[in-house]
């Protein structure tokens, strides 16, 4: 039975499209929690394309479950995290030209800087997750760097729905749990593809945003969150 953390970035995307102050992702965070979600996720990107600094600060003050801050491992973002103190920081790679995060963090390549970021955040009382591709070398590197959690990038599977991509996720999840890390999963998961994860018991929590916000346009945020939460609980 997996948990569900809901990403409200795309509520902010809609707001920023018109440069107005609505819809407010802060209000969305409240509704997400009232619907029963296990946490709220926001990605404060360096270019501030959707979530803004004030969103992070206000959501941190009002959230009753947990706030997960997705962020690049830059001095600026680490400083903000230490000030805001989210319940969890998820380190992700970032490219300004990408529409959304395109791949996992290369912990093997950047092991020293990632380990330093993890140490700094943990010293501030923040649990640290690394968003990584389902690759065994990345899992081993994440563990060696000191991560508390790995969030497995599920984008390849959600695009292809291939048995090979699912097998990679299962293998990575098993290894991560074996070495003592929590296992989360996210990216590209919708109301159909989440059902393919039934039986992957190593996954403890899903991080999902776009598909929930998209469904909410038609049936409302409360109903969309509850529908996805029911599916996550079956995993």
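For all residues, glycine too, the Cβ spot is worked out from N, Cα and C.
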_One of 36, 180, 188 listed by Swiss-Prot as binding 3-amino-2-oxopropyl phosphate at the site of 7, 18, 209, 210_ = 188
*Hey, what's the Cβ neighbour count for residue 18 (3-amino-2-oxopropyl phosphate binding site) at 10 Å?*
8
*Across all the protein chains here, work out how many other Cβ atoms are within 10 Å of the Cβ of residue 43 (active site, proton acceptor).*
24
*Hey, what's the widest CA-to-CA gap across 7, 18, 188, 209, 210, the 3-amino-2-oxopropyl phosphate contacts in the record, in Å?*
25
